[in-house]
Each structure stands twice: as C-alpha cells, then as structure tokens.
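**Q** The domain 'ABC transmembrane type-1' feature in TrEMBL is assigned to A:94-295. According to TrEMBL, the feature transmembrane segment maps to A:9-27, A:98-121, A:133-154, A:166-185, A:227-252, A:272-298.
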Amino acid sequence: MVKYLGKRIFYIILTLFIVSTITFFLMKFMPGTPLTNQAKLTPGQIHQIYKQYGLDKPVWQQYLVYLAGVVHGNFGISFQFSNQAVSYLIGSRIGPSLIIGGQGMILGVLVGLVLGSLGAVKANTWIDTTSTIVSILLVSIPSFVLAVLLQYYLGLKLKWFPIADWGGFMYTVLPTLALAASPLAETARFMRTEMVDVLSSDYIELAKAKGLGKVGIIYHHALRNSLIPIITIIGPLTVNIMTGSMVVENIFSVPGIGEQFVKSVLTNDYPTIMGLTIVYCAMLCVVLLITDILYGLIDPRIRLSGNSN
Amino acid sequence: MENDKNILEVRNLKINFNTYAGTVKAIRDVSFDLRKGETLAIVGESGSGKTVTTRSIMGLNSPNAVIDGGTIMFKNQDLLKKTRKQMDEIRGNDIAEIFQDPMTSLDPTMKIGKQIAEPLIIHKGMKREKAYAQALEMMKLVGIENAEQRINNYPHQFSGGMRQRIVIAIALVNYPEILIADEPTTALDVTIQAQILDLMKELQAKINTSIIFITHDLGVVAGMADRVAVMYAGKIVEYGTVDEIFYNPKHPYTWGLLNSMPTMDTTGTELPSIPGTPPDLLDPPKGDAFAARNKYALEIDTKQEPPFFKVSDTHYAATWLLDPRAPKMTPPEQIIERQKHYAKLTHKTIDQHKDTHVEEQEEQL
C-alpha cells in the first residue's frame, strides 16, 4: 500500500509539472499582455513594469525562473492586486470554494444515490418516472440559469436565504444547491442503470432464493455492488463542480478561487492563472487518488495484492 | 397417489407470461409428485418450461408471469396462495435452489462465510458467531479445504467448481426438505461436473433431502435421478423411473432425446437430432405439440391432444401410439436396442407381473 501510494504521488507530481508547463506556454501564446488595457501608461513605464516582473527576459528564462519558484512554493506576485503573493491570495480564497464545492458534491451524490436507487427499486412506476424527470431537468439546466432561478425564488421572493455575498452557513446554501444539481442528476442516472442491472443479476436471484426480503437484498447485496461504477464518475463530477464554481461563485459573489480565476483570465494575470491551474489540477489528482482507494475498499476484486491473501 | 411419501404435489399447473407480443402459455397443465428423499429429473429442450415450473415452486417467477390455475401442495399448504413474505420464510429454509452458473451466482463483494451464514441468520435467527461456526462446518462438508482460512475469502478467489460447492453449501445450510438444482453442472467442465454430482448425491443421503434436478443432459440424469419427467412445450409428455425412461421409452420425443445423446455404442459419423424447433407457445398447436417434428405422428395427433397412457404403475406417456387402436410403429433401431437391455434388466430384478407386461410390450412392437 505504501509503495502504491508513493508511486501514485510521484505520478501526481509529474502530472502537475506537465500541466504547469503546458499552461505556461499556452499563456505566452495568448494575445495581449497584462498591460494591454492600460492606455494611460507610457512605453517607458510599461518597460519598467516589465523589468520589475521579469517579463522582458526570453520566454525560456521566464519559465525556468517560474519553475524554480514553484518548487519552493512561490507562485509569484499577482499582477492585479499589486504586491500580493499568489500563494497568499489562493490561501485566503480557497476556503469558501472548498466549502460550497464539498457541500455541493456530498449533497449531490447522496441525493443522487437515493433518487437513483428509488428509481431502480420501483422501476417503471411513478417514482421511477419522477426520479428520471428530476435528473433530466437538473442535467439540462445550466448551473448559471439554476443559480439565477434560485436567487429569484428562494432569495428574493421567499427571502429564505441571502441572495449573494459571504458570511456563515446561510450564505452557502444557494451556491451549494446550484452546484449540487449536476452531480445529483449524473449520480441518479448512473445509479438507476447500475441498480437495475444488479437487481437482475444471478447473485440477487440467489439472495432471493435464500429467503432474504426486499430491503435485505438491497441493503446487503445490491447497494454495494451498484456503487462500484458510481465511484468512476466521481472524478468527472469533481471537474463539473470546479468549472461550475467559476460561474456560480461569480453569480453569488462568493470570494472563492473560481471567481478569482475568471478575473485573472480577464486581466491576463499570469501568475494567478498559473497558480490556480496548479491548485485545480492538484485537487483533481487527489480526488482521483481517493476514488482509486475507495475502489479497493468497495470491490475486493481490485484490492491490491498486498491487502488480501 | 401415495400421499404420505409425497413431499410436493404439483397439480394441473398452468402459467402464462404476458408479453408485448401476447400471452405465452409457458406451462400448460403440468402435474407431478416429488417423494421424500428421491431425485426427480426434469428433462427437455430449452424453453420447454423446466425452469418456469421450478421458479413457481420457489415463488420467484418474473412479475409478468400469471398463474392460470393449479396447485403446488407442500406440507398441506398451497405455495401458489402464499404471499411474498410467507414465501420468504420458506425459501432458503424448506426449499432451496442451486443455480446454473457458479461464476455469477455469488455476490462478488461479500465474503463467502457471510454468504453461507446468511440463510442461518435469516431463518434460524442465529447470532453471527454461531452462524459462522455452522457455515464453517458446511464448507468442510462440501469439501472446501482450509475452510478456516477460506471462510474470509471472496468469490473471485475460488475456481468454478469450488464456487458451485459454495452455492451448494448455501442451499443446504438449513437442511432444506427440497433442493431444486437448475442445471447445476452445465457451466462446469466435465471432470468437475462428476465431482459436483457425486457431492450432491452424498449430501442428499446425509441430510435426506429431495432433489428436483433440471437438465437437458440425459447423461447426467442416468447417474443422478430416481425418476424422470420429460417436458416438451410446457407439458410433461412422459414420466417414469430412470430405467423405464432410458430403456423402455414410449414417447417419440423421448426417443428423439435419447437418440441425440451420444453413447459408447454410437456408431456412424452423424449424431441424430430432432428436426425442427419447438412450437410457438404464443399460439400452441392443436393436438400433440410435438406432432410437427414427429415422423411417427398419427393423424389424430394434429387434432386431439393425447392423454396419459399407463405403461406401468410408475410409467406414463402421453402419446397416441399407446392407444390400442393405433397402428403398430417400430421405434428407431437404437430404442429397440435399449428395450432389449430393459428386458434383461427386468428379468433379473423385477417380479413376474412386470415381466409379462414388458413381454406384452415387445409383442406389440
């Protein structure tokens, strides 16, 4: 297990290196510079700023300098918020993003599992139909539309939750709901298909032949076996949440890294874009590592040889 | 008939399946008995209704199955009238089942110890430790070596033959009175097949259970069964003791089945087969369902369904060929060979009455 983890962490570092390299050069190929829209600056001033941030050096030198910084945990200085270190900016903003992202993921997956299982167990009844309609709706409505609808009805009309801003749990509810929609719908759809499949398998038939009741069959045999493929989609769902958060955080004015990322792209804030890309990438890598470990916990067939006899 | 000895009595069972294409008459009036401690083999082609019959005994037919009539009496109770909850109490306790494919019939994510202990926990209300101890005993009984260690293994860590032993252990752990074995060796290779069959016979003697053995492999039947029922198109067409069915078959369908089974005496290059395919049970044919494939068919076969004719006290066949008015037909050569063998068998063992009966038969032929 330790050997396996070490190997995986090495691959994660390799991935991060490749991703940061690609992002670095892609950004250099992007049209415009951080100072494109600063018409008031004279060429002399611009040159001075370039020199200050090291942008006057050849691209490969900039790359090496940047890489050396990253290894030491230094992501450079943000262009838009002068003199603030990118690592500090990210550190102070990652909290809200993790909260609404995590809440959205957990809520979406759990409700999705219940909805999908219900649909499968009560297949071809009104419960199944309702579950299918809910997941189709939630997967088709883009998160920004849902966000605005939530703001209007739950925030403005019913006044249950604050429309935007940040401060305490109540402020996290609407963004969490907006983010949970997509994982909820995806999980419900997958779970239903899987569960229907599992419920028609031979070992469920054997469980019935043992005299196990309906609840026992689902709880002891069907649930765990249906979960195996669901773990596979946790990775893509995390990506959904991440991209969703960029829009949702903007709509709800959540001071998170998603909102920060969009702002940085709009202002060509190279160090911040780079830093956030690496953070997003690292988060996804960790989620994938966790899902692989979960696989082993749930499915004995793919448990690592060191773990079983 | 002999009511005390019968543990299960199926009478006039009729089962239909509602499908988009219409109503499939899968079981069309099936009656049979199962006696205490015996093995009854039900043989027939795919789709003849073998499995549907036993599924009804278990109460596990698919939701679109409709019982159109009949009774299944077990311990003076009609299983067809029981609710799902009541059947849950019988399944795995009084009546257990072994399935065809051991590779898929065990839960891949559950340790086998727990899978074997489950019926004990469900039906006997046993505590975990006690159930596991008994599961361990059962594992030893079905011949799993190192049972103490292997009780914590998962199904994928066992071979196909071992898995079928585990499935048998699950089925027999509550010492059921009836064991339904639905082609339990079809998915196994031949040497393992023989081991599993031996094991089943051995355990049957030990716990005195009755077995309904479903198969299309007549070779397996010969070594396993006490009595045989031959099914065709949702009906039993002939039943009798294993010797009667193998060596003195009366129904042309049984002839066909026996002829298409290779034996040590089989010569020539081509193995005979029964021409054609089973009838469409959406619209069962009038008269004898086998008539269209039967070269011995009489005119009446297409008009009226044959009743059961008595061959001996234990042997009945539903074919017009046994009617006194029927023209004399000579069965296929191999069947005559078999009947000669049967004559020898009966001369050796059976009483005078049966002897004369067989001679009568031979005269007739």
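Each Cβ is built from the backbone N, Cα and C atoms, and glycine gets one as well.
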**Q** Among A:9-27, A:133-154, A:166-185, point out the range having the most Cβ pairs under 8 angstroms from the transmembrane segment (A:98-121).
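**A** Looking only at A:9-27, A:133-154, A:166-185, the most contacts with the transmembrane segment (A:98-121) come from A:166-185.
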**Q** Any residues 6+ beyond the ends of the transmembrane segment (A:133-154) with a Cβ under 8 Å from its own?
**A** 112, 115-116, 160-161, 163-164, 173-175, 177-179, 181-182, 184-186, 188-189, 244, 247-248, 251-252
**Q** At a C-beta cut-off of under 8 Å, are there same-chain residues at least 6 beyond the transmembrane segment (A:9-27) that contact it? List them, or none.
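**A** Tertiary neighbours of the transmembrane segment (A:9-27) are 59, 63, 66-67, 70, 268, 270, 273-274, 277-278, 281-282, 285-286, 289.
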**Q** Which sequence positions outside the transmembrane segment (A:272-298), separated from its termini by at least 6 residues, show Cβ-Cβ distances below 8 Å to it?
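**A** Contacts with the transmembrane segment (A:272-298): 8-9, 12, 15-16, 19-20, 23-24, 27, 66, 70, 75-76, 78-80, 86-87, 89-90, 94, 224, 227-228, 231-232, 234-235, 238-239, 242, 257, 260-261, 264-265, 304, 307.
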